[in-house]
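Remarks on the structure that follows.
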Amino acid sequence: MMYIQSFKTPCANEAAPQVTPKAPAMATNYASILGIQNKWAPIVFAVIYFLVMLWYLVQAARRHAWVYGALALFSALRVVSFSLRAAIASNHHNDAFNRQMAIAYEVLYNVGYFSILLSAYRLLHDRRWMAKINSARNKGRSSFPYRVMGGLHKGRFMELLLLLSVILGAVGVSYALGTNVGRTKLGNRLNDASTYIFLAATVIILLSTLLVVHLERSLATQTPVGSPLQHAILLFIALLLLLRILFYAATASNSIKQTAQGNEHLWYPLAALAELLVVLLFLAPGLVPLRSMVMRHRRNIADPSNEKGSTTGAGYNAGDNAATGGLGAADNAHTGMNAV
């Protein structure tokens, strides 16, 4: 038996129902959301950071300095970040694929800034130790600001502060770029909080730089710790880091489309180039003390009897020169003060 479906004939005064065809879902253009347009500039930055990474890996192996290892990690993260940025700019047609790439790019970029801030902070800590030791020898006292810096390092305050910023940024990016519209506003707020925490950490580094430079310049020794050029480089590094994070803080808003990455014509000179200059400034000879030299100084202060037998004379300077591969001229300014 055949079933025949009956259709109701509309009356003259009754409008026939209209079915609106459903528009196909459009893929999200994450390159447009993040303001990523130029695909060649990220490639150039990735190549430069790759070469810098190789240099810092060699320096970390030769000089056994924690700062160089952290800078090599930062450079590696920037290689990956700029490669992802170039890929996002080149192909934005796959919604799910590019969403994961955009989240990975944002998270890795925040982790990279975490590592460069930690490198700058660790450099200041090592130089503070060197200056504190010589200050104790010459003055026998340590002022309150430098004790505060030591307390911050012992409590791992900076590390915890930067880690909190990275976590908030990672969660915020996943929410802001996610498919849940209800979490977008929360994600933007978490991103803003992460930016402001990074800003606070950068201000601490700037103040610490001023204190370290003041301490090194105030030492009453014939061979002062640090040259005026090194002090200028330290201050320039802190100012560039502050410029970078101030740009992010000034462009933070409730919409991820209006973040710092959305202003690419300003983002490259004020953020990307500023970071690259900071990494290149760390290459200055003698800026980063040898880790072994810092540890020997600390042991000598703890046990002064070791100082005469292990850290006096030309042999100590020659050993430092060999370790630095000819770059120890500035480091000898530190080691020349070992003989009391």
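Note: Cβ is positioned from N, Cα and C throughout, glycine not excepted.
What TrEMBL says about this protein:
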- 47-287: domain 'DUF7702' (DOMAIN)
- 40-58: transmembrane segment (TRANSMEM)
- 65-87: transmembrane segment (TRANSMEM)
- 107-124: transmembrane segment (TRANSMEM)
- 157-176: transmembrane segment (TRANSMEM)
- 196-215: transmembrane segment (TRANSMEM)
- 227-247: transmembrane segment (TRANSMEM)
- 267-290: transmembrane segment (TRANSMEM)
Assess whether the transmembrane segment (227-247) lies in contact with the transmembrane segment (157-176), where contact requires at least three Cβ pairs under 8 Å among residues 6 or more apart in sequence.
no
Are the transmembrane segment (196-215) and the transmembrane segment (107-124) close, by which I mean at least 3 Cβ pairs under 8 Å that are 6+ residues apart in sequence?
yes
